[in-house]
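Before any comments, here is the structure.
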Ligand code: NAD
Ligand code: MG
């Protein structure tokens, strides 16, 4: 029986994780669940899964949550709040596996704490890895943590790796990764129309049901940019050895090209419960609840080169990882600020790439060898991006 802590339990990945957990009560026990704001959903999850700990990251919401559980069957549960509490529950002795499913930079410290405590880290929170880079990978290696990718593409690549492969190592005889992308909702929208797309249009993803931030990232293809950086780190690959491939059907979730000419692909219905169940059961497999792929319904699969004019965010991500140092941190921070401003209707969709590019231009690719350095760069990039937004609005 393994104990699991789910960071970001109320989000899209958190909900899918609990769905998989509920299928395997003999193998997994929920030790801790965390959320930021959605206390009604967290309360329902606590009633269903009876964790020992619940963390409400936002202290204002935590009091409301404590009031809510009074007199309920989970009244005796430990309720904590604040950022430190996230790291505390991610490192509890009873916790074997940590699902890192907080969105954005807020997930970095608890995810890093889990790695430092030698836990099995099920990594969905790509922003945490992109912003901290080698620091995170080193924490995994030095503390005997097990790092398993949840992002569907990276989970697919991991499944196509040679037997015994562990994240962070060079993939022997693998010469290229083919990183697939759906192309998002605006793959065929006339470029001139992108100026006026609304947040609702941007979050309506054709293939995947996800949180709002990652849905906007998919529409700009910054999601693939972050995933490119994520793949460089997880699989110890040069960015030039990673080819982004638009595959609108989202049946192949990525491929690995070996020196003998073999190209291995992982396929399946687009449902995050597959990569989640794969990582939770690894190195075994178990049921995820996902329907078998009906190959006859797929009919055909298309593959296209991404258009970097249409998707400048992808170009910026290649530039950031090639520049190295703090540039991926800056890219990620500026993107988080720009996406939030777009979702709040303060800037246009096409401003997102503009804000990131103007922000990146203000930084040099200094080294990013300490956590303090990374956190400082993250904060500076947020300030710069906010200043760029204030100028754009004039
Ligand atoms: P979501 O917005 O649906 O959920 C985010 C979760 O994080 C919620 O539980 C929320 O309460 C919590 N949270 C938000 N801000 C927080 C803060 N400041 N402190 C503590 N907790 C906070 O997001 P999601 O779609 O589930 O994505 C989660 C992560 O997984 C992201 O990094 C995303 O890129 C990655 N991911 C998601 C998918 C997907 O299909 N949804 C696929 C691949 C990777
Ligand atoms: Mg993905």
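Backbone N, Cα and C define each Cβ position, glycine as well.
Around the Cβ of residue 125 (NADPH binding site), 27 further Cβ atoms fall within 10 Å across all displayed protein chains. Annotation source TrEMBL lists NADPH binding site at 10, 11, 12, 13, 38, 125, 127, 211.
The 1-deoxy-D-xylulose 5-phosphate binding site annotation in TrEMBL covers 126, 152, 153, 182, 205, 218, 223, 224, 227. According to its DSSP assignment, residue 126 (1-deoxy-D-xylulose 5-phosphate binding site) is helical.
As annotated by TrEMBL, Mn(2+) binding site applies to 151, 153, 227. A simple way to gauge crowding: the CB of residue 151 (Mn(2+) binding site) has 26 other CB atoms within 10 angstroms, across all the protein chains here.
Under DSSP, residues within the domain '1-deoxy-D-xylulose 5-phosphate reductoisomerase N-terminal' (4-133) fall into helix, strand and coil as 60 helix, 28 strand, 42 coil. The domain '1-deoxy-D-xylulose 5-phosphate reductoisomerase N-terminal' annotation in TrEMBL covers 4-133.
Assigned with DSSP, the residues of the domain '1-deoxy-D-xylulose 5-phosphate reductoisomerase C-terminal' (147-235) fall into helix, strand and coil as follows: 42 helix, 11 strand, 36 coil. Residues or ranges marked as domain '1-deoxy-D-xylulose 5-phosphate reductoisomerase C-terminal' in TrEMBL: 147-235.
Residues or ranges marked as domain 'DXP reductoisomerase C-terminal' in TrEMBL: 267-383.
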* **Candidates 151, 205, 223 (binding-site residues) with Cα within 10 Å of residue 125 (NADPH binding site)** => 151
* With respect to ligand 1, which members of the binding-site residues 11, 126, 151, 153, 211, 227 satisfy a Cβ distance under 6 angstroms to one of its atoms? -> 11, 126, 151, 211
* Provide the three-state DSSP residue tally for the domain 'DXP reductoisomerase C-terminal' (267-383): helix first, then strand, then coil. => 65 helix, 2 strand, 50 coil
* binding-site residues near residue 127 (NADPH binding site), in sequence order, restricted to 151, 153, 205, 227 and a 10 Å Cα cut-off -> 227
* **CB-centroid shell, 8 A cutoff, Mn(2+) site 151, 153, 227, site residues removed** => 126, 149, 152, 154, 155, 179, 223, 224, 230, 231, 254
* Pick out which of the binding-site residues 11, 211 has the most other Cβ atoms within 10 Å of its own Cβ. => 11
